[in-house]
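The following features are taken from TrEMBL:
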BINDING   ARG20, GLU76, ARG116, LYS427  (6S)-5-formyl-5,6,7,8-tetrahydrofolate binding site
DOMAIN    212-350  domain 'TrmE-type G'
BINDING   ASN222, SER241, VAL243, THR246  K(+) binding site
BINDING   222-227, 241-247, 266-269  GTP binding site
BINDING   SER226, THR247  Mg(2+) binding site
Amino acid sequence: MDTIYALATARGKAGVAVIRISGPQAWFAARELAGTLPEPRIAGLRRLRLAGEELDEAVVLCFENGASFTGEEVAELHIHGAIATVSAVLRALGQIDGLRLAEPGEFTRRALENERLDLAQVEGLSDLIEAETEAQRKQALKVLSGAVGALVEDWRAKLIRAGALVEATIDFADEEVPVDVSPEVLELIDAVTAGIRDELRRIGAAERIREGFEVAIVGRPNAGKSTLLNALAGREAAITSEVAGTTRDVIEVRMEIGGQAVTLLDTAGLRETDDVVEAIGVERALERARQSDLRVFLLDGEEVPLIAPEPGDLVVHGKSDIAEHDGLNVSGKTGAGLAELISAIEERLSGLGEGAGVMTRERHRVAMQRAFGALESARDEVLRGSDRSELAAESLRQAAWALEALLGRVDVENLLDEIFSSFCIGK
Ligand SMILES: Nc1nc2c(ncn2[C@@H]2O[C@H](COP(=O)(O)OP(=O)(O)OP(=O)(O)O)[C@@H](O)[C@H]2O)c(=O)[nH]1
Ligand SMILES: [K+]
Ligand SMILES: [Mg+2]
């Protein structure tokens, strides 16, 4: 096993930069530079030198084999975060025999191989590094701390118990089975099936938290949609004018509302039109509005939108500086009512995000669907009687296998490259 090293903190000037070394030679390499090492897990101040050349003054931190992030022997050099200092120390490490620069995600990959993290936790770590909003941070931390593993372990234990009960009846197939195990087996299968069904239902909300919610502003031409988008975004993202039909393309602005990642969409004013280009814009507006998680209908006076708001959509009266109506009133021009609008959006989104469980991505959905299908077969076989026990046992094994794959315990190789492609060097 190679000993690998890399800068673990971001590139560029900083107060402190951390270089991580992991593998059988990690302490040896750190000792080459630092002379002596502090006790494991105790920080020690050391001068780093190589071949008589002074490199930096650093805090050195060592972790024992089996008690580190990667599961291997690890040393961390906390050095001054100058670009030249980082380069000098990395260069010095490269001169030590048996050391090489880590590949992207390689530290985490070793943590997975050494079972310090399961595959879902690796995904959680990747999400945590990417997290930009409070909701994303909390969700990623929950996954990183092993919430998926805990849930799956519970399901797996039930399936193993069910499998053992079914297997016990196989030998009795031709005779009278002493006790009928099927009620308990069915109960176990149903408990897991219900748990999976529930998580499948909640995965959409978790995906929205990860990827962000789409909120579309829709309404008639000149209602003031683009002016409102600019006011919410705090910049002139969209062109506004007194000409009806100004906006044609869908304009996207990424922002955070109430701790949630949101893509706010400005769309073409909805009306019947003979203008070919505007008509394409109206088509796009309708399409994106349909796909959005939330629609904000901006009304101007007594106008009626081309499509009707649905339950859950927000209806807002614009240009409140000219006239006010019953309900929520805003003015993109003066900023009046914007805070209320943001709270209303926030409330809707927190409602949509509330249902999130611990499964967060398509890979989890696929694995759960596979397990779900196998459990349905197992249930059928159990109901058909004890002479079908072998088939029931096989289906239960398949369900358990699908759940193990979710944690990366089996069938993992083909997934790793894709998952680690989002990691960079030093992670
Ligand atoms: N008084 C007042 N005028 C506004 C307000 N918001 C927009 N306007 C004016 O209304 C006109 C249309 O504004 P836009 O923001 O371009 O309207 P839009 O809905 O994006 O229009 P289209 O893209 O053509 O569908 C412009 O002249 C704006 O200055 C507002 O809150 N108060
Ligand atoms: K306009
Ligand atoms: Mg517009």
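Using N, Cα and C of the backbone, Cβ positions are placed for all residues, glycine too.
TrEMBL annotations: computationally assigned, not manually curated.
A map of TrEMBL features onto the structure.
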| residue | record | Cβ contacts under 8 Å, 6 or more apart |
| --- | --- | --- |
| ARG20 | (6S)-5-formyl-5,6,7,8-tetrahydrofolate binding site | TYR5, ALA6, ALA8, VAL74, ALA75, GLU76, ALA102, PHE107, GLY426 |
| ARG116 | (6S)-5-formyl-5,6,7,8-tetrahydrofolate binding site | SER68, PHE69, THR70, GLY71 |
| ASN222 | K(+) binding site | GLU242, VAL243, ALA244, GLY269, ASP300 |
| LYS225 | GTP binding site | ILE217, VAL218, GLY219, THR247, ASP266, THR267, GLY269, LEU298 |
| SER226 | Mg(2+) binding site | ALA238, ILE239, THR240, THR246, THR247, ILE251, ASP266 |
| ALA268 | GTP binding site | PRO221, GLY245, THR247, ARG248, ASP249, VAL250, GLU278, GLY281, VAL282, ARG284, ALA285 |
| LYS427 | (6S)-5-formyl-5,6,7,8-tetrahydrofolate binding site | ALA8, PRO104, GLY105, PHE107, THR108, LEU125, ILE129 |
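Under the three-state DSSP scheme, SER226 (Mg(2+) binding site) falls in the helix class. Same-chain residues that are not part of ARG20, GLU76, ARG116, LYS427 yet have a Cβ within 8 Å of the Cβ center of the (6S)-5-formyl-5,6,7,8-tetrahydrofolate site turn out to be ALA8, SER22, SER68, PHE69, THR70, VAL74, PHE107, THR108, ALA111. Report note: the K(+) site is defined by ASN222, SER241, VAL243, THR246, and the residues of the same chain whose CB lies within 8 Å of the CB centroid of those residues, excluding them, are PRO221, THR240, GLU242, ALA244, GLY245, THR247. Summarising the (6S)-5-formyl-5,6,7,8-tetrahydrofolate site geometry, the residues cited as binding it (ARG20, GLU76, ARG116, LYS427) extend over a maximum Cα to Cα distance of 18 Å.
In terms of local Cβ density within 10 Å, THR247 ranks first among the binding-site residues SER241, THR246, THR247.
Only ASN222, SER241, of the binding-site residues ARG116, ASN222, SER241, ALA268, LYS427, place a Cβ under 6 Å from an atom of ligand 2. Minimal Cβ crowding within 10 Å, among the binding-site residues GLU76, VAL243, ALA244, is found at VAL243.
The domain 'TrmE-type G' (212-350): residue composition by secondary structure is 38 helix, 32 strand, 69 coil, according to DSSP. With a CB cut-off of under 6 A applied against ligand 1, the binding-site residues ARG20, ARG116, LYS225 are reduced to LYS225.
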